[in-house]
């Protein structure tokens with residue numbers, strides 16, 4: 001007890017230690033700044049898109065109205081923007097209906113989903129439940145190459161092979177034995193299939209087609225579905241499988257009745273991710289599907305997606321102040337909000353999946 | 001190394017060491033306090049004193065009203081069954097418990113008369129005075145030299161000192177110098193488990209702390225490597241105070257001067273000279289535990 | 001009830017049908033798995049075929065192709081200025097993205113308290129990773145190129161690419177930093193190291209191979225990106241060697257894009273050869289990342305050997 005008076009022997013810290021602590025605090029602030037940059041980026045995207053998009057609808061940017069006192073003039077009404085069916089903001093007789101290019105994006109997204117979702121899910125099931133670990137270790141990285149190939153290369157692939165060989169081949173094949181067959185089909189549902197039939201009667205597919213866009217975007221999103229779904233399937237506890245096999249279930253039954261339902265939210269998350277990626281996909285879809293804002297369901301027609309419009313109107317510095325430049329941000333904002341919705345949905349699903357297996 | 005004879009003797013004993021819960025009869029005959037290792041010559045000062053110390057992890061109480069006075073320049077052993085709170089007590093001395101978000105401490109823990117949980121105590125400064133050796137060796141993924149020099153560097157003591165000499169001194173102190181002097185620039189991870197643990201001890205003593213906390217330092221090692229560490233501990237108390245948590249009662253009996261027995265619930269049941277604890281404990285529960293009837 | 005079940009025990013089981021279904025299902029899965037593989041083979045074959053056709057049909061001099069600037073005349077056009085522009089872009093992108101991303105990852109793993117701000121940062125990160133690359137191009141076009149008046153220069157392109165890959169590097173870095181065992185951190189704290197000393201001297205060196213692997217893979221993504229650069233505004237033909245961050249440019253992917261749309265067939269051939277060069281760049285980067293990862297794994301196993 002006599003020693004209690006020594007009191008501490010310097011554990012309260014001194015100046016040199018204070019310097020180390022100060023450094024630690026400074027570093028912490030800098031690192032927080034780095035983290036804040038990511039939030040600032042999102043805020044900047046919101047502000048810049050809204051700010052510039054305003055000039056498309058009101059003739060002046062929000063910032064110009066606030067800081068320079070510019071006046072507002074209604075140039076494009078929301079009614080026209082959201083309900084008009086012709087999109088040609090830069091035309092001599094301009095039209096500002098965004099529907100055709102929104103449809104273009106949706107058509108590609110839905111079509112690509114019809115390719116990548118079944119194929120990706122089947123691939124994931126094969127990798128997770130059927131393939132030997134050797135096959136899985138070899139096939140999985142190869143499929144992931146599909147996701148690593150630059151989209152410009154897919155675009156070139158569409159221009160040089162898919163459209164002239166595959167899509168053209170399909171169109172010709174459908175038309176030749178078709179005379180009779182198509183007649184009878186279109187007889188039952190003329191409204192929907194007439195443009196399809198007439199498009200195919202034309203037989204020669206142009207340089208661009210919805211189908212080519214669907215095929216490239218579908219292909220490039222396969223690995224997202226297969227990889228993430230397979231991870232979700234692998235996370236299903238083996239006890240569940242063993243329980244089912246012990247009851248005499250076949251692999252098919254285990255796959256479809258045990259693994260798929262147990263991994264379902266993880267699998268759905270992969271679908272959302274693939275669809276979100278398809279919405280934002282730019283180069284491949286531009287080079288495959290084209291630049292013509294058609295409201296069409298004919299897969300052999302040229303269409304224009306929102307991203308293709310952005311690419312076609314990109315002029316760097318030269319176009320500032322023109323309606324083309326302003327329209328970029330109106331379309332960009334819409335695109336951003338669409339992918340944001342998908343991302344939030346994906347986040348929600350992923351969380352649910354993690355909760356299921358905690 | 002110190003002496004080959006004592007080395008062999010310890011190794012022989014180690015053959016029987018499995019864990020604290022082996023057959024009671026064997027333990028009873030085996031446990032004899034090695035008085036040669038005791039340093040009980042006269043009165044020494046208290047360096048760490050707990051008073052009514054409670055530690056909680058969330059709603060679970062890990063230490064219950066622990067009061068103890070740990071003497072300077074002695075080996076004090078903490079024994080008891082798993083989950084009894086002995087490691088928690090160790091971690092509360094150098095405030096490593098602060099790293100567990102749910103941990104909460106009540107009561108006093110005094111180091112040289114200063115409550116380490118006072119507001120003006122800096123845990124970083126505290127840890128520079130109290131070193132720790134962990135259960136499994138955790139050398140940094142750096143060279144042997146950099147591992148030993150690490151503490152001196154982070155504590156700002158490396159400037160203007162003979163770092164080479166300090167590293168050599170620490171490695172000699174940890175009885176590792178002869179084995180590694182030609183490979184100081186190789187990774188600490190390339191050493192064997194026992195060498196890694198001695199490297200961690202060298203790392204701890206390089207900064208010349210006052211107390212070294214050891215949390216089951218030999219439990220991940222083979223008996224031969226463990227006996228080397230035990231020999232080392234006997235030498236360390238000349239300069240440092242050693243507080244060691246161990247599962248192994250023979251080890252406590254061999255190397256410690258004082259022994260504290262914790263039992264389930266975080267209660268410190270008995271604290272006395274090691275000889276008293278193992279030969280004539282006051283508390284029946286301690287006797288039962290020592291003889292293998294409990295825990 | 002139970003006796004009935006016992007007597008029907010084998011009679012009811014139609015294993016033939018189950019087995020057939022199982023086999024059909026298996027066949028479907030295999031065919032589906034091969035689709036992706038087939039498309040990959042088709043794509044690579046197509047590119048290599050077009051490139052080799054171009055080399056023989058148009059008598060392209062590879063030396064000239066790799067070093068010359070592009071031109072409106074296909075016979076003289078080369079890829080050199082675009083390669084240099086892409087290298088500039090990669091270096092600037094790496095510098096801009098790396099420190100911010102690693103800083104953010106360190107903050108989130110080591111410093112961030114469990115509160116609303118942290119959750120916001122994490123949720124936002126997941127969102128940023130899903131923002132289409134072309135939107136980053138739009139952001140830079142408005143904010144940097146026009147409002148700030150920087151113009152359509154390499155630095156502007158690099159900013160867009162950096163914004164794009166920051167979330168990717170952050171995710172990879174967080175993983176690597178989390179993988180550093182806590183026993184090593186404890187060892188450092190017990191030595192009286194401050195948090196930053198622990199991170200700087202113990203955590204980061206051990207996490208660095210993983211962080212670098214993630215960074216290289218992210219840069220591989222960036223070097224093939226086309227859309228953000230088009231939005232920022234690149235030259236139709238890279239007719240000048242870029243002399244720094246403030247030069248106008250056309251990088252490899254944008255040059256390929258422009259060549260693909262020229263009427264002259266020889267330009268289309270040049271695009272194919274350009275793609276082969278671009279893919280070789282990517283192969284080299286993936287190989288480097290794979291090498292780093294492998295070395296990292298050896299380190300990891302030596303820890304577990306102990």
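Using the three backbone atoms N, Cα and C, a Cβ is placed for every residue, glycine included.
According to TrEMBL, the feature transmembrane segment maps to residues A:205-225, out of the candidate ranges A:184-204, A:205-225, A:226-246. Per TrEMBL, the range carrying the annotation transmembrane segment out of A:30-50, A:51-71 is A:30-50. Each of A:30-50, A:101-127, A:258-279 was scored by its Cβ pairs under 8 Å to the transmembrane segment (A:205-225), and the highest score goes to A:101-127. Counting residues 6+ beyond its ends, the transmembrane segment (A:139-159) has Cβ neighbours under 8 Å at 123, 127, 131, 207, 212-213, 215-216, 219-220, 222-224, 226-227, 230, 281-284, 286-288 in the same chain. Within the chain, the transmembrane segment (A:325-345) has long-range Cβ neighbours (under 8 A, six or more residues past its boundaries) at 45, 48-53, 55-57, 76, 81, 89-90, 96, 98, 101-102, 105, 272-273, 275-276, 279-280, 306-307, 309-310, 313-315, 319. If you look at the transmembrane segment (A:30-50), the same-chain residues 6 or more away from its ends with a CB under 8 A from one of its CBs are 62, 329, 332-333, 336.
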